[in-house]
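Here Swiss-Prot flags 1-544 as region 'Triphosphatase-guanylyltransferase', drawing on similarity to another entry. Taken from Swiss-Prot, the feature Mg(2+) binding site covers E38, E40, E199, E201, and the record attributes it to similarity to another entry. Feature annotation from Swiss-Prot assigns site 'Essential for RNA triphosphatase activity' to R80, K110, E131, D164, K166. According to Swiss-Prot, the active site, N6-GMP-lysine intermediate annotation covers K266, on the basis of similarity to another entry. What Swiss-Prot records for L554, N555, K578, D603, D625, Q683, F684, A685 is S-adenosyl-L-methionine binding site, and it gives sequence analysis as the kind of evidence. Annotation source Swiss-Prot lists domain 'mRNA cap 0 methyltransferase' at 565-850. According to Swiss-Prot, the mRNA binding site annotation covers S574, N575, on the basis of sequence analysis. The site 'mRNA cap binding' annotation in Swiss-Prot covers K612, R637, H687, E768, Y842.
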Amino acid sequence: MDKYISKTPLSCYFEELVDTFISVVNSINKVDESKHHEVELILFKPPIITLTNLYNMATTTESYIEFTMLPVDKPNTKFRNRIPLSKIHGLDVKNNQLVESLDGFIWEEKSLLLKKDISDNSSAIIKYSIEEKTLFVDYKRRNASIKLELVSVVRAKLRNIVIDFKMKYFLGSGAQSANSSSLLCALNHPKNKPSLYIEFEIMMQDKNISKKKLLEELNMSASALFLSHPKYIRLCPSINPILRTHLLKKQDIININTDDLYITSKTDGIFSHVYIEKKSIFCYFSHLGYIKEYTASREIEETIYLYAEMRKEESILYLTVIKVLKPCMEDRLSELAFVKNHLTGIHDRLVFVTKCYDGPFESSSDLVVSIEEMLKTEQEGIILFYSKGEDSTTDYKVKKDNTIDQCVNVIYRYMSSEPIVFNDKGSFLEYKRYSNDKGFPKEFSTGKLDLNGSVEYINNIYCIEIKHLNPCTGITNLVLPIKFIAEFSHNDELIQPRIDKTMKYLYESGYYGNQLSVIMDHLNDQKLRIGDVFEEEKLADIAAHMKLKDSMRLNPDGNYFLSNRVRGALGILSNFVKTLLISLYCSKTYLDNHSKRKVLAIDFGNGADLEKYFYGEIALMVATDPDDNAIETGKKRYNERNAGDKSKYYKFNYIKETIRSETYVSSIRQVLYFEKFSLVDWQFAIHYSFHPKHYSTIMTNLQELTESGCKVLITTMDGDYLDTLKEKKKFIIRKLLPETENYLSIEKIDDDKVLVYNPSSMSKPMAEYIVRRDTLIRVFREYKFKLIDSCNFKTIIDRNISFINGVSRLESRGSTKNFFELNRKALEECNDTDVLELLSHYMVYVFSKEV
């Protein structure tokens with residue numbers, strides 16, 4: 001923090017702005033009414049509280065689509081135009097349609113004449129520009145060079161200055177016509193975040209105005225925005241918490257080391273950094289996002305740096321000291337005496353206090369009893385800390401309500417410009433909640449905000465206003481964009497917006513609240529009470545809930561496949577068959593309603609087929625697998641493919657579950673609720689589950705999760721062929737590999753199982769159940785699934801050889817051309833191998849659920 005307090009205060013920015021304005025005015029000999037001279041200070045990534053304060057004093061609020069083109073022959077110049085949102089009906093409007101809706105050829109030409117960086121703040125600049133009208137006749141022909149943005153503006157026009165708070169959503173280029181390039185997509189997806197700016201512009205209406213009057217007006221308005229005179233404000237980036245506080249799971253309490261361990265109450269305040277030097281007290285309050293300076297009543301001899309928690313009561317700020325960072329102390333208990341001796345009475349509005357604590361404890365039992373007693377009287381929970389040693393740098397918390405932070409995105413619909421929903425009880429907003437899945441937003445659930453006295457939707461700037469906030473923060477109401485971070489209770493109640501976390505979400509990449517794994521830990525911990533930690537049955541219930549119930553797994557848990565395996569002809573041609581199968585049954589031949597394309601992928605593995613379903617244009621996929629590593633790889637693949645703005649993949653959830661489990665349906669219902677699937681993908685995996693002891697569970701799960709007409713895609717080995725094996729059978733599949741690696745072996749080990757091993761891709765053999773055709777058909781028929789398609793892989797390859805070797809050579813699209821080239825090489829590699837024979841023993845089965 002000390003490196004930021006040495007920076008110039010905000011008042012110096014205004015002095016530099018006024019000096020620039022006076023210099024510009026003196027350089028203008030004659031005023032041309034057709035030109036607008038603009039001198040402005042722009043603050044990037046402003047504190048979000050300034051939006052609220054400016055809205056309270058605003059004279060204008062509006063939104064519009066801004067079109068910007070940078071002419072190649074005119075450096076430092078841009079052409080601009082705009083369409084008010086009031087002239088656009090509905091939000092499902094593509095970029096090229098917006099360009100077509102522009103009227104006339106008169107645009108605004110803005111030329112940048114001066115750009116001055118603030119010396120010690122890269123997020124602040126001063127600009128001098130000239131704006132004038134210009135003709136831009138062929139803009140429709142050059143729409144690919146036009147950038148589109150949705151701009152929402154909150155404006156306060158004073159006597160000599162104009163203050164704008166702008167929120168800009170990037171829409172893409174004017175030539176784009178994809179669904180991902182539309183107003184609807186920009187508003188509905190949390191990855192499309194607005195860029196925020198605050199601009200202070202001095203108007204040219206009075207060239208003879210004095211520097212003193214301009215500074216008075218700027219400082220007065222800034223005092224209202226920043227809640228203090230600008231000379232006491234220092235802008236800075238977000239300062240991270242010094243001390244991390246981790247959730248202590250209740251089942252872990254009995255195992256924690258009690259040496260030098262103490263407990264104290266947890267309060268709901270604002271984390272703050274306090275730096276005291278001589279008579280200056282610098283406070284960084286995390287919800288404000290900048291540093292405020294106060295003057296101490298006496299001079300402090302040594303520099304003091306504190307990490308504290310602020311609560312406001314009436315006009316007094318109570319700062320509960322959590323950690324003294326300067327001077328360095330070995331024992332945190334000695335910090336309490338230091339605060340009392342050095343910081344008492346140093347300011348009439350800043351009161352430094354410490355907490356009472358309990359400890360140390362002789363045993364875990366004493367600790368549990370103390371925690372249980374303290375929780376009876378505490379509103380929030382308790383904090384555990386070590387007074388000294390390496391562990392003293394981390395605090396632990398046990399909360400009454402394990403709250404979580406998640407990203408909220410209000411839901412907009414196609415034909416409506418507003419998200420408000422009406423019912424017999426009033427009006428409300430629907431929103432989606434997103435958790436942070438390793439830097440990507442993962443949809444968690446939905447909710448609604450009742451539009452009552454506490455919440456209002458501000459329709460013309462795509463914001464909401466939340467009132468009656470916790471008074472201890474010093475903020476009673478808050479205006480936020482329709483994308484923000486909120487705190488939720490364990491029972492899904494939206495408690496309050498998180499101002500500091502919202503700024504982190506808006507201004508940093510890859511943050512959407514708590515990680516999904518953290519959220520699940522919090523929710524599972526909520527199911528235990530403190531007193532349950534000594535009851536083995538209660539702990540076992542929680543452990544059983546968290547651990548996959550799959551005691552009858554065919555192969556023991558472990559890694560069976562090599563990480564550096566290279567796919568040969570067998571894998572490539574099998575992939576060709578799967579591609580055709582998925583393309584066919586995702587196509588409109590079978591599913592002509594886009595809303596029905598919901599896929600359940602059973603034992604989905606590492607997600608190799610994700611892209612096939614993207615081109616199948618499905619709406620969503622829920623995948624399940626019992627293996628953590630497979631799920632990790634599958635999620636990573638999905639996130640990589642869904643990373644770009646142009647690549648809007650279908651909604652994807654990956655759950656650790658097995659179709660053999662009685663909890664399978666309830667696990668799926670956590671992400672899909674009451675909808676049913678229209679397509680089930682069970683490729684090269686049914687042979688790990690299809691056994692008489694699992695028939696009832698498997699088929700009941702399938703029946704409950706699928707709608708009428710649902711297609712179940714199954715690929716597996718021909719069980720009737722496997723039944724005939726008398727000894728181990730080897731198929732040569734890679735002639736270029738040594739004899740120890742070039743084969744795939746199948747050995748029947750009993751009446752219902754075979755052992756499969758491919759040394760070039762597997763570290764050890766895997767057992768598979770024998771899936772006999774008649775048995776498969778009979779079991780599926782008992783649960784109202786009818787076989788509609790069946791064929792072996794070789795037949796499909798034979799039917800397509802002429803096309804692969806012939807017409808497909810005319811393909812010019814890069815990925816398609818490479819796909820067929822790969823299959824042509826695979827067919828060539830089949831010579832002198834048993835690949836085609838082996839493919840004749842691989843089967844496709846397609847079942848359809850009867851009405």
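Cβ coordinates come from backbone N, Cα and C, glycine included.
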If you draw a 10 Å sphere around the Cβ of E201 (Mg(2+) binding site), how many other Cβ atoms fall inside it, taking every protein chain shown into account?
20
For the Mg(2+) site (E38, E40, E199, E201), what does the 8 A shell look like? I mean other same-chain residues with CB within 8 A of the CB centroid.
V39, L41, I42, K127, V162, D164, F200, I202
Recorded positions near A685 (S-adenosyl-L-methionine binding site) (Cα-Cα within 10 Å), from K166, E201, E768:
E768
Around E201 (Mg(2+) binding site), which of the listed recorded positions (R80, D164, K166, K266, L554, Q683) come within 10 Å, judging by Cα atoms?
D164
A 10 Å Cβ contact count, applied to the recorded positions R80, K166, K266, K578: which residue has the minimum?
R80
What are the sequence-distant neighbours of F684 (S-adenosyl-L-methionine binding site), meaning same chain, six or more residues apart, C-beta distance under 8 angstroms?
S574, T715, T716
K612 (site 'mRNA cap binding') has how many other Cβ neighbours within 10 Å of its own Cβ?
18
Over all shown protein chains, what is the count of other CB atoms within 10 A of the CB belonging to Q683 (S-adenosyl-L-methionine binding site)?
22
Within 10 Å of each Cβ, count the other Cβ atoms, then let me know which of the recorded positions D164, D625, E768 comes out lowest.
D164
Please give the greatest C-alpha separation between any two of the S-adenosyl-L-methionine-binding residues L554, N555, K578, D603, D625, Q683, F684, A685, in angstrom, as a whole number.
25
Around R80 (site 'Essential for RNA triphosphatase activity'), which of the listed recorded positions (E40, N555, D625, R637, H687, Y842) come within 10 Å, judging by Cα atoms?
none
Just to be sure I understand the packing, how many Cβ atoms besides its own are within 10 Å of the Cβ of A685 (S-adenosyl-L-methionine binding site)?
20
Can you tell me which binding-site residues out of E38, L554, K578 are within 10 A of D164 (site 'Essential for RNA triphosphatase activity') by Cα, answering none if there aren't any?
none
Rank the recorded positions E40, E131, E199, D603 by how many other Cβ atoms lie within 10 Å of each Cβ and give me the one with the fewest.
E131
Over the domain 'mRNA cap 0 methyltransferase' (565-850), what is the model's average pLDDT?
89
